[in-house]
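Worksheet: the structure to be examined is printed underneath.
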Amino acid sequence: MQKLQISVYIYLFMLIVAGPVDLNENSEQKENVEKEGLCNACLWRENTTSSRLEAIKIQILSKLRLETAPNISKDAIRQLLPKAPPLLELIDQFDVQRDASSDGSLEDDDYHARTETVITMPTESDLLTQVEGKPKCCFFKFSSKIQYNKLVKAQLWIYLRPVKTPATVFVQILRLIKPMKDGTRYTGIRSLKLDMNPGTGIWQSIDVKTVLQNWLKQPESNLGIEIKALDENGHDLAVTFPEPGEDGLTPFLEVKVTDTPKRSRRDFGLDCDEHSTESRCCRYPLTVDFEAFGWDWIIAPKRYKANYCSGECEFVFLQKYPHTHLVHQANPRGSAGPCCTPTKMSPINMLYFNGEGQIIYGKIPAMVVDRCGCS
């Protein structure tokens, strides 16, 4: 009994020496730990951002089948860039899309059909599309996007050289056909009469949707077209084979197709901003600036919102596959935890110069993170 009393006295004495327990100190320690966790999260997101930007550069070159970024100067771009209205409108559309999505609230819609514009430049013709051994303008090859989607519109754009005095110009578009018995090689497509004022040349568009539809149904009938634009004196004003100083004035096709949707609507994941303290798997904003890369060869867009995924994945939270949780419950040690990854991505349209100085308008798949989840 006496030993027990001595032990109690010693215990009380030590409590008095140690002083009262400071609950505020524990709170401060907890708060410091939380702040340290938030700082680590910010640092993690910074590293993720840098890695994502480098990955995007590699992906773009790979998906465009380019080993390195084309070395094209800004001066060369100014000389090569076509001055045609539809291309200028296309560039303007990139600006409109950028402004419309600047708040980050818009998401690519995979449910509804979308109309896309494809700019097709003429290619070199083969012997079959030549007349008397001379190549004729113009022969067009069509990508699978045009072949396998609904055709909405097809316009042939031609540039007419300026006239010195007011003139009436007769424009004729002819379709090349296989030689007939009488030697005929052409059949008419369109003809129109234009009144031109002196001073400047003009771009003129001609509807060729019916012709293009026939070509798509019977590819072997596509031997090319002949373009003529004669004034009263018989001078051909159409630029078919550009002369020096006529860069960017080559005829081309502007084709609009409706892209069929392939996926249905799904629920959205979490969206966060760069100042968010959310620790769970979330989509964060990330803007890719091609000018900052020094990639002048990309005409449009100059920048776009790519986004990235970051955060922790607890089981059952935003999991892509419901059975993932059941597998973990059955064997918690034998299954790796879920990771925060993109569960939905969308493409971007891009207007760019390839390594040969040609202008290409195409779609690069899976370049924008639309939704993040755990899988």
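Every residue number used here counts from 1 along the chain in the order it is shown.
Just so it is clear, glycine is given a Cβ too, placed from its N, Cα and C backbone atoms.
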Partner cysteine of C313 (disulphide bond, per Swiss-Prot) from C272, C372, C374: C374
As recorded in Swiss-Prot, which of C272, C281 forms the disulphide with C340: C281
Residue among C138, C272, C339, C372 that, according to Swiss-Prot, closes a disulfide with C309: C372
DSSP-derived structure type at N47 (N-linked glycosylation site), helix or strand or else coil: helix
Inter-residue Cα distance where the pair is C313 (disulfide bond) and N47 (N-linked glycosylation site), in Å: 18
Neighbour tally for C372 (disulfide bond), based on other Cβ positions within 10 Å of its Cβ: 28
Those recorded positions of N71, C272, C372 having Cα within 10 angstroms of C340 (disulfide bond): C372
Separation of alpha carbons, C309 (disulfide bond) and C374 (disulfide bond) (Å): 10
